[in-house]
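What Swiss-Prot records for this protein:
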TRANSIT   1-45  transit peptide
BINDING   72, 75, 94, 95, 101, 103, 108, 224, 278, 443, 459, 460  FAD binding site
MOD_RES   102  tele-8alpha-FAD histidine
BINDING   299, 343, 410, 454, 457  oxaloacetate binding site
ACT_SITE  343  active site, proton acceptor
């Protein structure tokens, strides 16, 4: 159902001055088409009103809501309909239609200790996640996530998610990397609930279908520009309607950032082109910190030459990695877990095989993932999407030949720092402080449940658990219909000025050229293995690229569906994420999880955990690296770093914290 506000219809018929010339801007939307927002069952936005306080060149509309969610992937949808279900007047702003969000690309599954394949316990899942994080994960948040996991999966089942089934009718659970029984002593766990190899697709459509039951107002194809901050509080967001070029200020008591990751900072990645770190950059521009951005996960099995994801579920179903000699080489690197070691371990092992001359193909620059020893019926029922993807992108029939694969950027462990309730935090004078009115969840956030390395199938769990946590936290502290905090009349003025500047900029370098330079710099200088000299050179190169942003050239001077402008705004966001990633990596003088330094090959904790700690002198906070990086970027692109302690305590005595130890599989 589309509708048109009276104030909105008047708005677009006003005369606008664009780029120094007066143009008559007739209404681009009529009652027969979508105007300012698209709603299936959402409330009619009677609060929308015209404003000329920040621009006489662009139509500006002000809206009031109890809560605003930015992003409509798995985390954003779960937060949005959770808020609407609790009675909050909620807006969900998204730059693309909800079911086109990148959650749709997740393949393998969602972890939960249901115990359908063997006895399982959420505390074992907790242990595996802490170990997988290389002891950089916050154990209170990991406790919350893993304890909530079984109920979250059952909730999805009740929403209608069509999980794969065992012969007994239970939810089928496959093996995934880094998952064990009995605190690592009971063998491989089967904990990953799946819908064949299209779990993300099913999850996203299930959540979107569920969301239509509630009174959520969806603002589809709206590009969020910046947070509206007043006196250290978040009071909403400002966004561009890409369909007609109008500017919208959303005033709200609570704002949830669920904008996903920033995989497109790298040249080769599994991320959609829309994964541009928009929320992460918005927080950075607001003067707030980001956390642990140097930890970037390289998925072991991206299709060679294409980067498309081949799910870890392939190895969970029995697939193996082989080198040019036909050797199952993971037996040498992870004697127990083998091909189901954690992703950082497998990616490094593959890279070493290639470096030492045992790569496959004429250039010996990749390895093979072998599936053809598995029954064709198993491939057809459990991995149908992979069979199709391998044929399209690699020309491989998986029933007869192996898939050429190479580690590819896949996930960002770092993000906007939050506590386990989803509240965004800063670190002031040695203490965590909540940013009033601001929440984050999903890949955009760092709770930190993934620490230095995420376990496969914990990401979809992260989405639903912390999307729900944001809604619950807001419902605990606020009531629907409470007065919306005020904003300054000129709030968002800088955002509109930046947009206008980019729209008419006429420098010498195209957006696409700058973007590819940034991506190749990140790919070449912050890859699977890193060294100080290469990272330092990468920092210098990236800062130089960032300094040329003022010399950028755009071509489209229009305002309706100006994709040139939107891609340039996305490049600004990517650049802020890339700068913090590479500077954080250069500063971290150790190897931990996905951050592997060849010049600092060991993990540096407060104690040497390879030996008994009795008699050891505890290192001071400044001497060890078991701490979170907090990064800031000023208006000139200068990165500054601080650090905050890892939380080692759990929520209660139901779960005992896991002390650091040597991490092996």
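Quick reminder: no glycine exception, Cβ is built from N, Cα and C everywhere.
Those same-chain residues not listed among 299, 343, 410, 454, 457 yet with C-beta within 8 angstroms of the centroid of the oxaloacetate site C-beta atoms are 177, 297, 312, 411, 455, 456, 459.
Cα of the residue listed as 'tele-8alpha-FAD histidine' to Cα of residue 454 (oxaloacetate binding site): a span of 17 Å.
Counting every protein chain shown, the number of other Cβ atoms lying within 10 Å of the Cβ of residue 457 (oxaloacetate binding site) is 29. Within 10 Å of the Cβ of residue 94 (FAD binding site) there are 27 other Cβ atoms, across all protein chains. Residue 101 (FAD binding site) carries neither a helix nor a strand DSSP state and counts as coil.
Neighbours of residue 299 (oxaloacetate binding site), defined as other CB atoms within 10 A of its CB across all chains, total 23. A distance of 20 Å separates the Cα atom of residue 72 (FAD binding site) from that of residue 457 (oxaloacetate binding site). The Cβ neighbour count for residue 278 (FAD binding site), using a 10 Å radius and every protein chain shown, is 27. Rounded to a whole number, the distance between the Cα atoms of residue 459 (FAD binding site) and residue 343 (oxaloacetate binding site) is 13 Å. Taking the recorded positions 102, 410 in turn and counting surrounding C-beta atoms within 10 angstroms, the largest count is reached at 410.
Cα distances from residue 457 (oxaloacetate binding site) to the binding-site residues 94, 101, 108, 278 are smallest for 108. Here the C-alpha separation of residue 94 (FAD binding site) and residue 410 (oxaloacetate binding site) works out to 22 Å. In this structure the C-alpha atoms belonging to residue 454 (oxaloacetate binding site) and residue 278 (FAD binding site) are separated by 21 Å. In sequence order, 71, 72, 73, 74, 76, 94, 204, 260, 274 constitute the residues six or more apart from residue 101 (FAD binding site) in its chain with CB-CB distances below 8 Å.
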